[in-house]
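Enquirer: Relevant sequence annotations retrieved from TrEMBL are reproduced here:
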type     : residues      : note
BINDING  : 120, 163, 167 : Fe cation binding site
ACT_SITE : 164           : active site
Ligand SMILES: [Zn+2]
């Protein structure tokens, strides 16, 4: 009997930063060319209290940043494989999981390449056209419980997840554009 993954993982969809049990602190977002942004993040223990605090800080920092749909640890100066995502307020969103944080996340499968414009708080003056799969399966761990979860993500959420996983691998969207012709000066921040 084969198991078809449902579109939305209920554990991840039900998660909120309140589950972390600690208040996050808003941190300063570092900008390119900070070395931490081009370094591969370290794997973390998702049950370590330091990881839980980092998760809370990432969500708190994302919340105060207009238009921010995701933030990775290297963007707050921490070389670790942790990121948060929340695309629920974005106009291009279809189905999504709301706010969640993943540790040590990897893309386990992907399909349907699609090109779209991306921006990044760590590269505030530029945007770029990046081709990425629009349907992916990501595996990672939930901070705090350490529970291993699989997330099937589509469209804009899939893009946001890949952008954040890239940050944890020391890659920016600028490393993914087809060339200088695919980079643009940002006119408005959103
Ligand atoms: Zn970014």
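Using N, Cα and C of the backbone, Cβ positions are placed for all residues, glycine too.
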Enquirer: Starting from the Cβ centroid of 120, 163, 167, the recorded Fe cation site, name every other residue in that chain with its Cβ within 8 Å, sequence order please.
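Expert: Apart from the listed residues, the neighbours are 70, 72, 75, 118, 122, 164, 166, 172, 173.
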Enquirer: Please report the distance from the Cα of the residue listed as 'active site' to the Cα of residue 120 (Fe cation binding site), rounded to the nearest angstrom.
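Expert: With the alpha carbons as reference points, the distance is 10 Å.
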Enquirer: Which of the three DSSP states, helix, strand or coil, fits residue 120 (Fe cation binding site)?
Expert: strand
Enquirer: If you draw a 10 Å sphere around the Cβ of residue 120 (Fe cation binding site), how many other Cβ atoms fall inside it, taking every protein chain shown into account?
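Expert: The answer is 25.
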